[in-house]
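Notes follow the structure.
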């Protein structure tokens, strides 16, 4: 039987994950910096897992196994976020300051707000993104969390950062077109990669600030 302490912590974490940041901050005005980081990591993990599961389901359903490797090595799989100076892994991320990592994470998140806003109109059969109508809200929620962390680290006066002028294309609604399938496949691949980066950056920041045993990832 699960001990009362860990069980209570798990239930609290789940409850906070279901709340938007405005409610979290309102309910816990004195939330510590470690609490803000913990919630941001939790939300990023949830979105990354959702993106990974969706990519796998889309791939399994629409992309023949023999074509997957070749497609992933074409321009279709190129993510324009790779053109910004973002660390590609944990070791590179550790060379950046927390504010640099937060700004990069913000750029990655904001580049997807447009494409994901009407995602439920694309996958209307609920084959993938069963909760697609909430993906945009979850992404906005994470954006608010990152902005909250930036305000904390910048003493409430965030500086103007780099503006990502380009965003990803919208998902194609014509699922019977091979070109549309390839485009959506590439977008889902990029979404998964960008959420993995964001989760990695947030975990690196949280671990090096608070030195937790779970830092080995």
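Just so it is clear, glycine is given a Cβ too, placed from its N, Cα and C backbone atoms.
Per Swiss-Prot, signal peptide is recorded for 1-26, and the stated evidence type is experimental evidence.
Per Swiss-Prot, Zn(2+) binding site is recorded for 46, 199, and the stated evidence type is similarity to another entry. For the recorded site, residue 46 (Zn(2+) binding site), the DSSP three-state label reads helix.
Feature annotation from Swiss-Prot assigns disulfide bond to 79-190 (among others). Residue environment of residue 79 (disulfide bond) contains 18 other Cβ atoms, counted within 10 Å of its Cβ in all protein chains.
For 132, the entry in Swiss-Prot reads phosphoserine.
According to Swiss-Prot, the disulfide bond annotation covers 207-215 (among others), on the basis of experimental evidence. Using a 10 Å radius centred on the Cβ of residue 207 (disulfide bond) and all shown protein chains, the other Cβ atoms total 19. DSSP classifies residue 207 (disulfide bond) as helix under the three-state reduction.
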Taking all protein chains shown into account, the Cβ-based neighbour count within 10 Å for residue 46 (Zn(2+) binding site) is 16
Look up residue 190 (disulfide bond) in the DSSP assignment and reduce it to helix, strand or coil. helix
Tell me which of the recorded positions 46, 199, 207 ends up closest to residue 79 (disulfide bond) in space, Cα to Cα. 199
May I ask you to report the DSSP-based helix, strand or coil state of residue 199 (Zn(2+) binding site)? helix
I'm trying to understand the geometry here, so how far is the Cα atom of residue 207 (disulfide bond) from the Cα atom of residue 199 (Zn(2+) binding site), in Å to the nearest whole number? 12
Among all the protein chains here, how many other CB atoms are within 10 A of the CB of residue 190 (disulfide bond)? 24
